Amino acid sequence: MVQTSRHRRSTRGSKMVSWSVMAKIQEILQKKMVREFLAEFMSTYVMMVFGLGSVAHMVLNKKYGSYLGVNLGFGFGVTMGVHVAGHISGAHMNAAVTFANCALGRVPWRKFPVYVLGQFLGSFLAAATIYTLFYTAILHFSGGQLMVTGPVATAGIFATYLPDHMTLWRGFLNEAWLTGMLQLCLFAITDQENNAALPGTQALVIGILVVIIGVSLGMNTGYAINPSRDLPPRVFTFIAGWGKEVFSEGENWWWVPVVAPLLGACLGGIIYLVFIGSTTPREPLKLEDSVAYEDHGITVLPKMGSHEPTISPLTPVSVSPANRSSVRPAPPLHESMALGHF
């Protein structure tokens, strides 16, 4: 009897500890920053698995893969990634897109390392996944050697490399320009004051955008247009046995897909804001459409109850006795446009 009672108390105590741990984990996972980190991690992982898998098919067996297949793999991989995390973090899946949104005031800088870390980890894990799934095919194709260049090179499955007909700085210009086109079109797709994609179709339209960039402009450099797509898999290949040549090949090409997209995304965003965003007519602010500018977009405020709010001429936020002290100044022009996220 005594032993049975002790056993029951021990079991009850273990369950209480388990519930407490689970509750703590659940509490942590519900934190906004953690959810956004996990969203970027998962969406980038999904995009990269489909994208790198399509490249593996093209490199390892022409019967099953093609350049068009690579574009479709990355394009619809982006679509699936947006579906996975679009309403949580915006599903950037691209450090250049995150950087541009931070630089243009759409996302606070404190989120930049969180988003990028999630993207890098997701991309690295996707590279490890493709390596595991295609391991025997890679060895069979290359004769057991992990080569960066040559007719049996397989490092290109995971990262981009400069082709013979391109110079380093032409490649830099190419990557910057393509990423600028990407960011400009992303702003257009999500600008509700212009001709945005229909609700529910943004993910598909963004995926089609990636396909269009690939089939029309991707030949020169393989269109990395994304540090999160190129650098983590490159680091994985270095660890997995391809060696330091993954960094030195192509006049030390590795840094170009990291730096050029950052500059290009900002340039594309600025061009859209100056030439399109600033010239688009904006409807006068209505009381029922009052908005508060938050960290990651524009949030519609609910109507007040019995207290009649007023609109301050200096701020778009509804002003009432309950919230007058928390009013913030009106944002600059570029923040007044609904540009959204990737």
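For all residues, glycine too, the Cβ spot is worked out from N, Cα and C.
Keep in mind that what you see is a predicted model, and the values were worked out from it rather than measured.
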Inset, instruction - Using the annotation in Swiss-Prot, determine whether Gly143 and Gly243 are placed on a common side of the membrane. - result: yes
Inset, instruction - Based on Cβ atoms within 10 Å, give me the single least packed residue among the recorded sites Phe74, Tyr135, Tyr223. - result: Tyr135
Inset, instruction - With a 10 Å radius around each C-beta, find which of these recorded positions (Ser20, Arg229) has the fewest other C-beta atoms nearby. - result: Ser20
Inset, instruction - For Tyr223 (site 'Selectivity filter'), name the DSSP secondary structure in the helix/strand/coil scheme. - result: coil
Inset, instruction - Pop the Cα-Cα gap between Tyr135 (site 'Important for permeability to glycerol') and Arg229 (site 'Selectivity filter') into the table, whole Å please. - result: 20
Inset, instruction - For the intramembrane segment (90-103), could you work out the same-chain residues 6 or more beyond its ends whose Cβ comes under 8 Å from its Cβ atoms? - result: 39-40, 43-44, 47, 78, 81-82, 84, 109, 111-112, 115-116, 119-120, 122, 179, 182-183, 186, 225-229, 261-262, 264-266, 268-269, 296-297, 339-342
Inset, instruction - For the topological domain 'Extracellular' (55-67), could you work out the same-chain residues 6 or more beyond its ends whose Cβ comes under 8 Å from its Cβ atoms? - result: 73, 130, 134, 137-138, 141, 154, 156-158
